[in-house]
Amino acid sequence: MIEGKQLRNNAITLFESLVPIIVLIGMLSLNVYLYGDESLGGANQFALIVGGVVAAVIGMRRKISYDKILKKITSNIESTSGAILILLFVGALSGTWLVSGIIPSMIYYGTKLLNPTLFLPATLLISSVTSLATGSSWTTSATVGVALIGIGDTLGVDIAMTAGAVISGAYFGDKLSPLSETTNLAPAIAGTTLYDHIKYLTFTTMPTYLMTLSIFFILGLFISTPQEGKMFKNAFDKKGLAPENLSRTLEDSGTVTSALIPWNTCGAYHSSVLGVPTLTYLPFAFFNIISPIMTLIYAYFKIKIKYQKSAKG
């Protein structure tokens, strides 16, 4: 009885849960307003720390122990360590490729082998294969993405279209590669296995990818020669939906759309690496735009919706 009462007292209200998020959004908005492009230089990190401190204070006010808060912080850092390591290595890899002449060589031979008509679908395919092999959309943008932007510019292809093709291909592999941190994280949160998640993810990903490839092929014909999972887990369980539905939705709606938001780390990163503003390549990142729409269509018409065995019975 005492333990149950203590748990009720420790329960954090919806308003208290929203306070750190509101503080964080407010500080980030103020930061962008005051510093503009310089906001990534350090002020954003300060805003994140303040948001974390506010969340910790609310937890302590609710009698949640310091050890429990510290353990949660540690587990969250561990879950993002893969992305942090990728960030560290991508900078070194892209710099090495540039200094050693790999990227200039790719631009030179790319202009000889590719023609403007097939350039956009080829860019999508090359980016897709690279991201599938590496499991990282960030690595893809920083390596072959930079080279493809250079090739497209030389061929006279619109730089925004090229960036959109790179982003679409990069996130195709980021969704399906077993090496991707988001592809490993989504099933872990939803409670399913990695390969069941990937198998179920292909039902929405492949039609989206084929549509994207077709759009880029059509666009190529018109180019002139010189042109968060935990929140919804209980809701899915109550509906009797298998965890594969949630893990697929997390990837379809969360992973790919992150690159379309200018103030998101993914959007800021790809924009910085490719040298193209997020809102400029957004209209041409067809894969990223169509993915969440595709999952809504599948959900509405109940296509490939898997139910829990107990719910079926």
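Yeah, the Cβs are placed from backbone N, Cα and C, and that goes for glycine too.
Some features that TrEMBL has for this protein:
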type	residues	note
TRANSMEM	12-36	transmembrane segment
TRANSMEM	42-61	transmembrane segment
DOMAIN	46-218	domain 'Na+/H+ antiporter NhaC-like C-terminal'
TRANSMEM	82-107	transmembrane segment
TRANSMEM	113-133	transmembrane segment
TRANSMEM	200-223	transmembrane segment
DOMAIN	228-302	domain 'Na+/H+ antiporter NhaC-like C-terminal'
TRANSMEM	281-301	transmembrane segment
Long-range environment of the transmembrane segment (42-61) - Cβ separation under 8 angstroms, sequence gap at least 6: 12, 16, 19-21, 23-24, 27-28, 31, 34-35, 68-69, 73
Intrachain residues whose Cβ lies under 8 Å of the transmembrane segment (12-36), provided they are six or more past its termini: 43-44, 46-48, 50-52, 54-55, 58-59, 62, 263
